[in-house]
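Novice: One structure, as structure tokens, below. Some questions next.
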Amino acid sequence: MSERVILAYSGGLDTSVAISWIGKETGREVVAVAIDLGQGGEDMDVVRQRALDCGAVEAVVIDARDEFAEDYCLPAIQSNALYMDRYPLVSALSRPLIVKHLVDAAREHKGGIVAHGCTGKGNDQVRFEVGFASLAPDLEVLAPVRDYAWTREKAIAFAEENAIPINVTKRSPFSIDQNVWGRAVETGFLEHLWNAPTKDVYDYTEDPTLNWSTPDEVIVGFDKGVPVSIDGRDVTVLQAIEELNRRAGAQGVGRLDVVEDRLVGIKSREIYEAPGAMVLITAHTELEHVTLERELGRFKRTTDQKWGELVYDGLWFSPLKTALESFVAKTQEHVSGEIRLVLHGGHIAVNGRRSQESLYDFNLATYDEGDTFDQSSAKGFVHVHGLSSSISARRDLGIK
């Protein structure tokens, strides 16, 4: 088996240190794989050069923005995926895509080992390693941060001692993960639950308490559950996310301060920014309310929750998730139409819906003249619907 190590490289502290550490401590060559998921910030050529400067024998940059949007974010939209009803899976969605490209790189560069920079406390170690086990069980996995108990202080010290070009200090110890779907910030003073986030924590969104901005009204169009237009203009899924990130972010939409239950059994505090994601999920959910039959909608809400839990728990490649997506695909056949939303002050307000597939019948719903609902049928329906409750109540109350 080859001694080459294929490393998931972010350009950040832990993976930059990992390149140098693997070379120095094990003598193995490192191929760094950096994936553009629309995270912005540094130019990917700069990230690639940093990997080489840290000691990688090769550094590969992959533009996966459209793939991420179409194959990972879109299923999350269609499953209205919010872990614990709040978190739109910002990091969790990206991990299986990274796994896929690392496995491909291992085959191409004849590497027998794949590596990541995850700690032993987080969910990402599970997402990576279960993914590797699902796609390439023959590959060995190296996790230096976890297996050698690196702390951020130790990593910073190693970076300083070895002149690793990374801009992190003990005074600004935030751990940040971001992509086009959103941004996650943790560690530092945020680990104390009573501490309020400071302005420097945020980047994708403006302060929602500043009400100087004019409300932004946006119309999002869907075709079979796929976002296809904004204000009547055709867009790809990636373009929809990017535009709504800008517009909703300018209105302070998408800030989330969450204490979540990690897969490893601990609770953690995370600050998320996901303006585009929250708008798209809100709009899609609302369109489903209009177009899905009641029992289908009720059941889908249970599968939506399960889908999100599976992705959060690192089971992207599981048979159950695959089966759930077949069900979700069937539910989307009539999820077409437009949702109008107002973005302002950190809030999303739906104020309009229209669809050729709508199950809303005005003549049945109206209380005004033109009502076609046969109210005479209601009395019998109510009696039959409550019959079992009535029978049990008579027994329990001793009424014959």
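Each Cβ is built from the backbone N, Cα and C atoms, and glycine gets one as well.
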Novice: Looking at Swiss-Prot, which one out of Gly117, Gly120, Gly122 binds ATP in the same site as Ala8, Tyr9, Ser10, Gly11, Gly12, Leu13, Asp14, Thr15, Ser16?
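Specialist: Looking through Gly117, Gly120, Gly122, the residue Swiss-Prot assigns to the ATP site is Gly117.
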Novice: Using C-alpha positions only, work out which of the binding-site residues Tyr87, Asn123, Arg127, Ser175, Tyr272 is nearest to Ser10 (ATP binding site).
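Specialist: Nearest candidate: Ser175.
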Novice: Distance check, please: Cα of Asp14 (ATP binding site) against Cα of Thr119 (L-aspartate binding site), rounded to an integer number of angstrom.
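Specialist: Approximately 9 Å lies between the Cα of Asp14 (ATP binding site) and that of Thr119 (L-aspartate binding site).
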Novice: Which ones are near Gly12 (ATP binding site): of the binding-site residues Tyr87, Thr119, Arg127, Ser175, Glu260, which have a Cα within 10 Å?
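Specialist: Candidates kept after distance check: Ser175.
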Novice: From the Cα of Thr119 (L-aspartate binding site) across to the Cα of Ser175 (L-citrulline binding site), what is the distance in angstrom?
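Specialist: Here the two Cα atoms are 12 Å apart.
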Novice: Which has the fewest other Cβ atoms within 10 Å: Ser10, Ser16, the binding-site residues listed?
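Specialist: The binding-site residues Ser10, Ser16 were compared, and Ser10 has the fewest Cβ atoms within 10 Å.
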Novice: Around the recorded ATP site, report the further residues of that chain (criterion: Cβ within 8 Å of the mean position of the Cβ atoms of Ala8, Tyr9, Ser10, Gly11, Gly12, Leu13, Asp14, Thr15, Ser16, Gly117; site residues excluded), sequence-ordered.
Specialist: Val17, Ala18
